[in-house]
């Protein structure tokens, strides 16, 4: 989706081949966009010229800002979407985009000539020639669904799997392994007793993902609901573990599942002392009565699913419309990719999304956008585009998977980012719009609007640093009245704003010329509160930038580097990274290895 839009909007004739045109941009698991770190990726996609944020704003039915009681670095939006409307609007955008052509087609082979992509071939034998191919296979590569001991091949429930592609790429040297993920059952709304659950309404504050849209307050017609499992639920699960493809006597699933989205079986087995687990009951859209049971992913048999669901308060008479299931699929080793998401093995082949071992719509969309941008830049003969870890969560994610690899489905987390205070929800457009404009995906008027915003923020901060106030009785009485300590010596408004308990709004009584722009005020408040921490982080990024500037020649022979450990030699020969900063993040690489490499590179030059 994002990949195809990027290449087409950058002027290249693009064919989007998909096995089901009615499920373009479909949400096969939770009907939601965003969440911790994920919501920030959606904002970053928007700042770079992608579409996800805009369509989320158009189709969201319940939205909340998460972690509002915590620091600014972990705040993020999460929205329930109308999944049918989301898919339809995305499909319509694709249909209306110049240079972009949709085709209902199932690709089964990729042809390579002299180490470069030549074409793809579908199941009808039709060959599509191309100088750049972006593969976004999701869970479709040799996908297999498990519901108890019942198994069948599928890309997701209701869709055929992709057969032949894995084998096609393996013969060129691309390595594949298996992962597993799962999704909970869907329940008919009229069979749910919501009076036994805790209601969670949409935000009372106006919110939106895209900078192009105006924040809105949604109607309260589509709340989410909170309920809990109990000992009866857990006893049914324990009693039936022998029927689980994960825990049965015959383990049918070999692929590793996601750590941060475990099945209910995993929770019960791994946390036996916990007597309840929360379940969020989420609406799937405006035109359906189906609800998603967030937190109740399982691969147990249908009969067991129904029995355990009916032990949960509010779900005693639940009617399952679609069973929960686990799905196992192939993914490619992401260490065989450059940071541009182009394959190191096959020139012109780009991989994005779950095929790279990641999980989640947002992670996939972010990768798709980067892959699409780089495919277009490659065809233009221009420098490739990458984001580093201090610029975006997208950069953190890509750097993680291509340097460290994955041994479980990768999910973006705020804890993965060393510079998360720089990578906030509120400043995504200030961070990245210039890049989006330079690439050609952000319009000039929008970029100029961002420049104006930056100028206003800078001017106002400078003004606040110059406006001095004295410790008069009147001023100290006011400060005491708003529960902050009085002044002992003259200070600036900016210094007062640095206090954690003071807002810009409260300073109006002391300020001769306050401003009214909420956008500017938000940035000023955050700058004041976190100025010292931000300055420290910016200093740390300089150290990282110095390591990044030490590039590694493609022809380097790691076997010739004195004092480089055997472990480092083996890993670096396999991954073939481009600079010392990337090398420093590889698990098992020691400071001594880094020093040996830097010393050798100096003599090499």
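Here the Cβ of each residue, glycine as well, is placed from N, Cα and C on the backbone.
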> Swiss-Prot has 162, 354 binding FAD. Which one of 107, 216, 281 is in the same site?
Replying inline: 107
> What span in Å does the FAD site cover, taken as the longest CA to CA distance among 107, 162, 354?
Replying inline: 17
>> Give me the CA-CA distance between residue 267 (NAD(+) binding site) and residue 354 (FAD binding site), in Å, as a whole number.
In response: 24
>> In the three-state scheme derived from DSSP, which category covers residue 265 (NAD(+) binding site)?
In response: helix
>> If I take the Cα of residue 269 (NAD(+) binding site) as reference, which of the binding-site residues 107, 162, 354 has the closest Cα?
In response: 354
> For the binding-site residues listed here, 259, 267, which shows the highest count of neighbouring CB atoms within 10 A?
Replying inline: 267
> Other than its own, how many Cβ atoms are within 10 Å of the Cβ belonging to residue 265 (NAD(+) binding site)?
Replying inline: 24
>> To the nearest Å, how far is the Cα of residue 162 (FAD binding site) from the Cα of residue 263 (NAD(+) binding site)?
In response: 25
>> Please list, in sequence order, every residue of the chain apart from 107, 162, 354 whose Cβ lies within 8 Å of the Cβ centroid of the FAD site.
In response: 135, 136, 137, 138, 140, 141, 155, 165, 355
